[in-house]
Structure formats: C-alpha cells, structure tokens
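Since the structure comes first, as structure tokens, the remarks are kept for the end.
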Amino acid sequence: MKKILLSGYMASGKSTIAQLLSKASGIPYRDLDDIIAENAQKSVSDIFSEDGEIKFRKLEHEALKAVLSDDKGLILALGGGTPCYANNHEFLKRDDVMSIYLKTSIPELLKRLRADGSGRPLFDKQPPEEQEEFVAKHLFDRSYFYHQSKHVILTDGKTTENIVNEIMSLF
Ligand code: S3P
C-alpha cells in the first residue's frame, strides 16, 4: 500500500490534515517530528538548541528513510523543512508514494504561526518585525522542493473537511 506524504511550510496544516485524513480513510498516520523526537528522546526544539540544525536534518533523513522502508500504508505529516534537505525531495517522487503539497499563502501562514506561539525553533528566533520577510524568503527558497510533490492542494479559504475530501478524491 502507498504511503501518503503531506508536505508544506510550517503551519500549513500537515499534522491536522494527517490526523483527519486518517480518521476518514482508516489509514494510520504519524508525524515525522514525533518520530524524530521519540528516537532522540527529546523534543525537536531541544534537538535544535542542544545538537544543532545539521544534526536534526540527519535524524530527519534517517527517520524518513526508515518509515518508507516497508510497504505498510501510512499517512505521514512531514516537517516543514523535510523535502528541502538531504535529497529528501526524491522520496516525494517514488512510485509507492502519494505526495501532496499543502500550499498556503504567506499572510495565512503568518497568522497561524503567530497564533501558535513557540515550539518552532526556526520561526521562534525571528524578531516580530522580521517575521513576514523571513517567511516570504524562506517559502520562496523552499517552493521548488515542495513542488516536487505529485499533487498540490491550495488550502486558503478551505475547511479541513474540504481539504480531506479533496485528498480522498485523489485516491
Ligand atoms: C521545520 C519545521 C518543523 C520541524 C522543525 C523544522 C522547518 O515542523 O520539523 O522545527 O524547517 O520548517 P512543522 O512544519 O510541523 O512545524
């Protein structure tokens, strides 16, 4: 059975949609950040602050490779940076993978990131007056990798139910 990989920027709704899609489809789901944290026995924020981003990207790549190494069906919410490092974007193109980019506008992402509070080390370290420019540039840099996904779903103005139904219509 295929793995369903959800990609997209921080706060694009990957984890929420993975959970709801799992409920609707009966396919189990996991969050790659949770797997990395479980493996490392510490939070993603602690990995960033204690071990650095490069170590996090290595753990992320290893965890992704391990998850994709069997043929069990799974919905996997990737981290916002997952497709952009260590050639992970190649995984999005595999035959046994259905990859979906949840594409959200900059204003919507900013609204959600600000409302979510802390827990995202890359966003948390931005001073408020630089957040908008940071997200705009970061998304621009990452866009190429997100677009290696096989499907793109625009999320602005849609309910989570709309998005889940849209994904299920691709099955
Ligand atoms: C990251 C996004 C985070 C997490 C880590 C790095 C990124 O996941 O993997 O903080 O580089 O965009 P979410 O997209 O679930 O916030």
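Even glycines carry a Cβ here, placed using N, Cα and C.
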Among Arg94, Arg120 - the residue TrEMBL places in the same ATP site as Ala11, Ser12, Gly13, Lys14, Ser15, Thr16: Arg120
Sparsest-packed of the listed binding-site residues (Ser12, Ser15) - C-beta count within 10 angstroms: Ser15
Where the C-beta lies under 6 angstroms from ligand 1, the matching binding-site residues among Ser12, Gly13, Thr16, Arg57, Arg142: none
Candidate nearest Ser12 (ATP binding site) in space, where candidates are the binding-site residues Asp33, Arg57, Gly80, Arg142 and distance is Cα-Cα: Gly80
Residue among binding-site residues Asp33, Arg57, Gly80, Arg142 with Cα closest to the Cα of Gly13 (ATP binding site): Gly80
Farthest-apart CA atoms of Asp33, Arg57, Gly80, Arg142, residues recorded for substrate, distance in Å: 18
Neighbourhood of Arg57 (substrate binding site) by C-beta distance under 8 A, where only residues 6 or more apart in the same chain count: Gly81, Tyr85, Ala86
